[in-house]
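Colleague: One structure, as structure tokens, below. Some questions next.
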């Protein structure tokens, strides 16, 4: 049994997701579909007793966490700026198109948070909140469960960086693919030097057949 299980959930759909608008750190809200997605993922996680909860301080992530924890009102959601999506500067609020793709390809927009800075921000949060703070909790017979709600680009950046650097590994059969709205990824963390293991990635089994077919498949914030 692991010492802790980290449940990383991408926020529910926003209208900007649906319209392929680059959000970055724009403080957009869940649309009605996103609210329903959050309710469905909340139902799927109802049996999990969370011991701690972290969220990006952007509204779409906070609202997703609040809905997930509606049945567990004793947990305070720690809103952390480090969990925000990548800052995409002058691209924020624009739609994906040929012009945007050309600007991205040139990679000369100094208003955009550099990928290495973004990666370092995500990994630093992981080290502080999970490897240090969570591992410092007292030993007990049951596993600690931690909820994290964030953004598609942030989640993909964290997990890819951890795996590629050897600081996490994927369980057999687990691959890092698409990170859809309200998808759930689970990382098991042990005490000591054992490398954390990604035992589930991007699961959206909680969505109905109708909703599953309508989930936005492309994340505009990952074009950069």
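Cβ atoms here come from the backbone N, Cα and C positions, even for glycine.
Keep in mind that TrEMBL annotations are predicted by a computer and have not been checked by a curator.
In case it's useful when we look at the structure, here is the feature table from TrEMBL:
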type	residues	note
BINDING	10, 11, 12, 13, 14, 15, 16, 17, 60	substrate binding site
ACT_SITE	11	active site, tele-phosphohistidine intermediate
ACT_SITE	85	active site, proton donor/acceptor
Colleague: If one measures from the C-alpha of residue 85 (active site, proton donor/acceptor) to the C-alpha of residue 10 (substrate binding site), what distance in angstrom results, rounded to a whole number?
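Modeller: Answer for this pair: 11 Å between alpha carbons.
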Colleague: Got a sec? Which of these recorded positions, 16, 85, has the most Cβ atoms within 10 Å?
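Modeller: For the recorded positions 16, 85, the Cβ with the most other Cβ atoms within 10 Å is 85.
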Colleague: Could you give the Cα-Cα distance between residue 60 (substrate binding site) and the residue listed as 'active site, tele-phosphohistidine intermediate', in whole Å?
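Modeller: Checking the Cα atoms of residue 60 (substrate binding site) and the residue listed as 'active site, tele-phosphohistidine intermediate' gives a distance of 6 Å.
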Colleague: Counting across all protein chains present, how many other Cβ atoms fall within 10 Å of the Cβ of residue 14 (substrate binding site)?
Modeller: 21
